[in-house]
Amino acid sequence: MLKHAVVNLINYQDDADLATRAIPELIKLLNDEDQVVVSQAAMMVHRLSKKEASRHAIMNSQQMVAALVRALSNSNDLETTRVTVGALHNLSHHRQGLLAIFKSGGIPALVMCIQYVWKCLCVYMEQFVKSYAALRERALSGDRGVPKGTPGKRAKWHLVIRSQSKPLDIMSEVFKAMKVLGFEWRVVNPFHVRVCRKNPIGVSYVHMALQLYQVDYRSHLLDFKIISNISTEGQIEKKDSDEVGEQSKVHHVLEFFEMCAALITELAR
C-alpha cells in the first residue's frame, strides 16, 4: 500500500511539473491568430484539466485562465467552444478555479457562449422549418416527393456538423451523448452507427444513421441521416406494422430533426 502511495505521489508531481512547464507555451498558442492553433491548444488544456495535479497548476496561473476565457470569447468554432468550456468546467469544481474564472471575465464569456450554441441550433431549426413546410405542402397537394425521371428514389434528409477533433474522440463523445439521451444504437463500424429513439408519446421509433467522414487531413464531418425504411438487413430491427401515410412521414421527419437537435445540444455541453 505504501508503494502504491509513493507511485501515486510521483505521478501526481509529474503531472504538476508537466503542466507547469507547458503553461507558458499554451498561453502563447491560445493567443495565436490562427484559430486552428487555438483549437489544438484548447484541446490540450482540456486534457490537462481532467487531472487533479495539472488542474491545480492551470488554476494557479491567472494568465492561463484569462487566455482560456479570451479563446472562448473569440471562438466561432463549436469544437473549440466545447473543449474550452469543458476546461473551465473542470476548473470550476474548485473555489480557486471559480475565483480565477470570475477575475478573468469568464461569466460574460460563458453567457455569450450559451447564445452562440443557441444560434447554431437555430440554424438547424431554420433548416428544419423550411424542410418541414415544403414536405407538408407536398403532402397536402398529393405530391409524393418522387422527382420525375428518377422513379423509386426519394430525397434523404440529413444534417452535418464539422469537427477538428480526432475521429475516435468524436465518436466517443457521440456515444456518451447518446447514452445520456437514452438512445438505442447498433454499431456498423467504429465510425458508422444506426440509432433509434422511441417516441415517448406513441409506440413508433425514429431512426437515423450517424457516420463520420474525413474531409481533409484535420477535419471531419459527422453526418446525421434519416432512415425511412429500416427493414433492410443489418439495420436495427424495429418494424412498423403497416406502411405509414404521407402525414406520418411528415411527423417522422419532424421527430428526426428533434432527435438531431437533442444530440447536438448534448454534444455542445
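Every residue gets a Cβ built from N, Cα and C, even glycine.
In TrEMBL, annotation is done automatically, which means it is predicted and not curated.
Listed features, source TrEMBL:
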type   : residues : note
REPEAT : 21-61    : repeat 'ARM'
REPEAT : 63-106   : repeat 'ARM'
DOMAIN : 156-267  : domain 'AMPK C-terminal adenylate sensor'
Next on the checklist: Restricting to the repeat 'ARM' (63-106), what is the model's mean pLDDT?
Outcome noted: 86
Checklist entry - Quick one: DSSP breakdown of the repeat 'ARM' (21-61) into helix, strand and coil? => result 32 helix, 0 strand, 9 coil
